[in-house]
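K.L.:
I have a structure I would like to understand better, so I am pasting it below and will then ask my questions one at a time.
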Amino acid sequence: MNFFDFHHHQPENKFGIYNLRFGEAVPDHFFSAGIHPDSISENIEEQFSWLNEISKQKNCVAIGECGLDGLIDVEEKLQESVFERQIAIANAIGKPIIIHCVKRFSQLIHFKKKSKVPMIVHGFNKRKTIGDDLLQHDFFLSFGKSVLHNVNLQDFLKDFPIEKIFLETDSADFELKDLYEKVAELKNLNLQEFRLKITENLRFLNIIAENEEKLA
Ligand SMILES: [Zn+2]
């Protein structure tokens, strides 16, 4: 059984969305491409021309990760303009955006208004009030390893609409199957039913595996 990994950094994992790095060769499976706030540097225009080209590739199913980070030493205005330009790219090609957000959720909600495509906050592990606010503004949330041990997050997931959920490993080392099992249990579904729900969510984002059997 395969479990779709919504955001990961393992180039050898073919069943999910690989976060491509700047300048890296295009993989033969799904990937996302973006400019992380952390990688904003002098070659930013070079990164944008790379992104403009690579985002048109068929296997590029999302823009990102990109977003806002309140803990890094990159000027806020600069982060915002780099983020906004990526929203424009995503709008132009009609692909969803995978968001990295640290301590900047209220600003993020402001940027949602500029987006014509779905936005998915990846690695969500914050408190319920933030999650509720994001839901109210129509964000999707992708959850990772924290769910396995964070009871508050588990409680939040119980009430969070299944149509808005994705699951991911990000850079953590653990069995994604354990996470799928945990969330299926929280949603009172069996594993197969739950996987089908995730497949439907992926379809909503126009992310459809070439080999449908892998997903079904
Ligand atoms: Zn990541």
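Each position is counted from 1, following the chain as shown.
In case you wondered, yes, glycine gets a Cβ from its N, Cα and C as well.
Marked as divalent metal cation 1 binding site by TrEMBL: E65, D170. TrEMBL lists H100, H122 with the feature divalent metal cation 2 binding site.
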K.L.:
Enter the number of other CB atoms within 10 angstroms of the CB of H100 (divalent metal cation 2 binding site).
P.N.:
23
K.L.:
Rank the binding-site residues E65, D170 by how many other Cβ atoms lie within 10 Å of each Cβ and give me the one with the fewest.
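P.N.:
Fewest other Cβ atoms within 10 Å, among the binding-site residues E65, D170, is found for D170.
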K.L.:
Check each residue in the chain of H122 (divalent metal cation 2 binding site) that is at least six apart in sequence and keep those whose C-beta is under 8 Å from its C-beta; list them in sequence order.
P.N.:
F6, H7, G64, E65, I98, I99, H100, S142, G144, F166, E168, D170
K.L.:
With DSSP assignments reduced to helix, strand and coil, which class does H122 (divalent metal cation 2 binding site) get?
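P.N.:
Note: H122 (divalent metal cation 2 binding site) is coil by DSSP, not helix or strand.
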